[in-house]
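Undergrad: One structure coming up, written as C-alpha cells, with questions to follow.
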Amino acid sequence: MAPGPEVSGIDIYLRIKPVQRASTRLAFDTTENKIKFVIPRNEAAGLVTNRRGHFEFRFNGILTAEAKQDEVFERVARPAVMGAMSGYNGTIFAYGQTGSGKTFTITGGPERYVDRGIIPRSISAIFSEISKRADQQFTVHISYLEIYNNEGYDLLDAEREIKAMEDLQQVHLGEADDGTVSYRNLSMYRANNEEEALNLLFLGDTNRTISETPMNMASSRSHCIFTIHVEGRKVGEDLVRRSKLNLVDLAGYQRVPKKGVDRTTHREAKYINLSLHYLKQVIIARQEKAMGMNRPHIPYRNSMMTMALKDSLGGNCRTTMVATVNSAQDQLDESISTCRFAQRVAMVRNTVLLNEELDPSLMIRRLKQEVRELKEEIRLLKGEEEERGPLTPDEITRLQGTRC
Ligand code: ADP
Ligand code: MG
C-alpha cells in the first residue's frame, strides 16, 4: 500500500557567487549553516530598511564560493532526482538578484563541461539510474516552458523557425476542479535516453536565446521551467508511479533607472518585478497558513509564474530553493533581502504524496491478455472434442461390431 501523505517544509540552500572582492561584512558558519551580515550602524541606516546592524540567517546548507557544480548537484538535486524515480514530485528553483548565479546553478555555464548545471546533471542521473533498475520500466518525457511578460511560451516548439518570442507557440494554463494546474499547447517529448533529453534541453535553450531581444542578451528576462516527467512501474505490475521534476530558473529582480531605458526594457522589468512580488505574496500567505493563521485564499492566480509553481509552493511536491547571492559590498542589501525571503520560504509546508495508481490501460491490457489465453485454452479443449466429434464410418462399424 502507498504510504500516506507526508508534510514537508521547503529546504533552502544558500549559494555564494565567487567574486573578485567579497565584502568583509559577511561571515559564514558552515557547521551551523548560518550566514551573518555585520553592518556598522552608520552604514546600516542607508543600506537596509531598518537600523539593525546584525543579520543572521540559517539555511539547510551553505554552498560557499568554492563549491563546484558537482557538489551543488549532489547536495541540492540528487535527493529530488531519486524522489522523482520513486514517484514523488520535486521542484528546485533558484532565486536571487540578477547576475547572482541562478542560470549558472540551474542550467550551467556554457563553456566548460564541468560547469554543467542541475538540469543536465539531473538528466544524466535519471538515465543512469534507469539503466541500473532492470526490474522496472520507465518512460521519460520533457517539457520546457518560458514565461515572459506574464505569457507562457513552449520552448520545445520544433515545428517552426524561431526568430522572435512571438514565433513560439503560446501556452495557456488551466485549473481543474481539484485545483491541479494543466497546460494547453505545451509539448511533451519522449526522451529514450540521455542524449535525446539533452538535445531537447539544447533546443529549448537555443530557442530561448534566439527569442531574447538582442539588447538584453546578457541577462535573462524570463522565467523558465524545465520539467522531467517520469513514469515507472515494476515489470509485470499494473501500479504506475508518475512524477514531475521541475527545474526552475527565475528571472531576477530588475533595477530600473529612471532615465535612459527604452519601453521594452521597462515593460519587461515591470512584469518580472510584479511576478516576483506576487511570488512573495504567495509565500507570505503560505507561511502564515503554516503558522496557523486563517489564510483561506492563497493568491496564486495573480501571475502565470505563481500558477505554474502552485504545486511546488504548498502542494504535492518536495521543493528546494537555492538562494543565490553576490557577496560584493555594493550588493549587500539585495543579498540580505534574498536571505530574508528564503527564511519565509522555509516555513511553507507542502503535503507530499506518493503518486502511485493502478493504470487502467495496463490492467485492461493484462486482463485482455489473460482472456485471450483462457479463450485459447477453451478452444483447444473444445477443439479436441470436436476432432473426436462426428464418428468416422470406420469407427461406427467397429462400434457396431462390439455391440452384442
Ligand atoms: P543570473 O541568472 O542570476 O542572472 P548568471 O547565472 O547568469 O546570473 O550568472 C552571471 C555570471 O556569473 C555568468 O557569467 C556566470 O557564468 C557567472 N557565475 C555565476 N555563478 C557562478 C559560480 N558559482 N561560479 C562561476 N561563475 C559563476
Ligand atoms: Mg539568469
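Note that Cβ sites are derived from N, Cα and C of the backbone, with glycine treated the same way.
Bear in mind that TrEMBL entries carry predicted annotations, made automatically and left uncurated.
Sharing the features that TrEMBL gives for it:
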type    : residues                                                   : note
DOMAIN  : 9-348                                                      : domain 'Kinesin motor'
BINDING : Gly96, Gln97, Thr98, Gly99, Ser100, Gly101, Lys102, Thr103 : ATP binding site
REGION  : 385-404                                                    : region 'Disordered'
Undergrad: Just the binding-site residues from Gly96, Gln97, Thr98, Gly99, Ser100, Gly101 whose C-beta lies under 6 Å from any atom of ligand 2, please, or none if there are none.
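TA: Result: none.
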Undergrad: So how many other Cβ atoms are close to Gly99 (ATP binding site), meaning within 10 Å of its Cβ?
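TA: The Cβ of Gly99 (ATP binding site) has 17 Cβ neighbours within 10 Å.
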Undergrad: Work out the three-state DSSP category of Lys102 (ATP binding site).
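TA: SS state of Lys102 (ATP binding site) = helix.
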Undergrad: For the recorded ATP site formed by Gly96, Gln97, Thr98, Gly99, Ser100, Gly101, Lys102, Thr103, name the remaining residues of the chain with Cβ within 8 Å of the site's Cβ center, in chain order.
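TA: Counting only non-site residues, the set is Lys17, Ala94, Phe104, Gly252, Thr324, Asn326.
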Undergrad: Pick from Gln97, Thr98, Ser100, Thr103: which of these binding-site residues has the biggest number of other Cβ atoms within 10 Å of its Cβ?
TA: Ser100
Undergrad: Near Gly96 (ATP binding site), which residues of its own chain have a C-beta under 8 A away, given they sit six or more steps off in sequence?
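TA: In sequence order, the residues whose Cβ lies under 8 Å from that of Gly96 (ATP binding site) (at least 6 apart) are Lys102, Gly252, Ala323, Thr324, Val325, Asn326, Glu334, Thr338.
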